[in-house]
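Participant: Attaching a single structure in structure tokens format; questions to follow.
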Amino acid sequence: MSAQLIDGNALAARIRAQVAEKVKTLAAPPGLAVILVGDDPASQVYVKHKVADCEGVGMRSLLERHPATLSEADLLARIAALNADPAVHGILVQLPLPRHIDAQRVIETIAPAKDVDGFHVASAGALMVGRPGFRPCTPYGCMKMLESIGCDPRGKHAVVIGRSNIVGKPMAMLLLQASATVTVCHSATPDLGHFTRQADIVVAAVGKRNVLTHDMVKPGAVVIDVGMNRNSEGKLCGDVDFDNVRQVAGWITPVPGGVGPMTRAMLLVNTLEAAGSGL
Ligand SMILES: Nc1nc2c(c(=O)[nH]1)N[C@@H](CN(C=O)c1ccc(C(=O)N[C@@H](CCC(=O)O)C(=O)O)cc1)CN2
């Protein structure tokens, strides 16, 4: 039997519609500043979508494009100015940044109250101790996808493949907070399949094609694919061997059309929250 698809495009559209309804009730539209440094082609596409998403739900967006030669000091000065601007509720700096800029220092310069990416150490700390705060958009979107199919992580074994600060670690924390038993695997994990075969929920977030194959999945498991890679024909694909894993899994997210659109939708939810309103 083939797994059921978790349609990220459809769920994201529903969330955007809810955000748009909420924005209409506000005295002033929430404002999101999006900073792009350099000309990475994928980043250009993502920020274009983010700006369009804002407009689609009635939010204000402020896109700042800077050349790859922008100095770190100048970028920090721009963030300080946006921190002080009351019309800007959320600030995001598109990653990756050029090598000469320390991304962590940049993130730490964003006012925690405007950290709609949820990458600031204050947001990460709040997540760690279970306090309210901005949740990073990708793992937040993955949790919404689980909720949408009625998958309550409580008591389930979840395996997260990947330990990045923006996906793997916060994903593990969110699943733990939802009372899953969580295993985090990574590049130094021997025999990855030993762990994933025990999982009711697998989240693959390493950025490497075919990290998860059908023999590594428990029948009926929920498989969430965060990967964003290109195959040998240049086609977008995830970390999961989709065609084969879908024969074993119970639920699976596609790439494209899965986690990506949800990442963008949760950015809108965080921006709404930064403007003082929740869904
Ligand atoms: N400041 C940030 N930088 C980055 C983040 C982030 O959350 N904040 N995450 C990723 C990139 N990313 C968001 O910025 C992102 C990637 C992909 C998608 C998406 O919608 N993907 C589509 C396919 C798009 C395509 O055709 O290329 C899909 O999966 O259907 C949204 C957001 C790194 N940087």
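Glycine is treated like the rest: Cβ placed from N, Cα and C.
Unlike curated entries, TrEMBL annotations are predicted automatically.
Here the structure is a predicted model, which means the values were calculated and not measured.
From TrEMBL, for reference:
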BINDING   Gly162, Arg163, Ser164  NADP(+) binding site
DOMAIN    6-117  domain 'Tetrahydrofolate dehydrogenase/cyclohydrolase catalytic'
DOMAIN    136-275  domain 'Tetrahydrofolate dehydrogenase/cyclohydrolase NAD(P)-binding'
Participant: By DSSP assignment, list the helix, strand and coil residue numbers for the domain 'Tetrahydrofolate dehydrogenase/cyclohydrolase NAD(P)-binding' (136-275), in that order.
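Facilitator: The counts are 50 helix, 26 strand, 64 coil.
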Participant: Report, as a single number, how many Cβ atoms besides its own are within 10 Å of the Cβ of Gly162 (NADP(+) binding site).
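Facilitator: Here the count is 24.
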Participant: For the NADP(+) site (Gly162, Arg163, Ser164), what does the 8 A shell look like? I mean other same-chain residues with CB within 8 A of the CB centroid.
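Facilitator: Not counting the recorded site residues, we get Val160, Ile161, Asn165, Val167, Gly168, Lys169, Val184, His186, Ala205, Val206.
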Participant: Once near-sequence residues are set aside, which residues in the chain of Arg163 (NADP(+) binding site), 6 or more away, have Cβ atoms under 8 Å from its Cβ?
Facilitator: Lys169, Val184, His186
Participant: For Ser164 (NADP(+) binding site), which residues of its chain lie six or more apart in sequence with Cβ-Cβ distance below 8 Å?
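Facilitator: Ser164 (NADP(+) binding site) has long-range Cβ partners Ala205.
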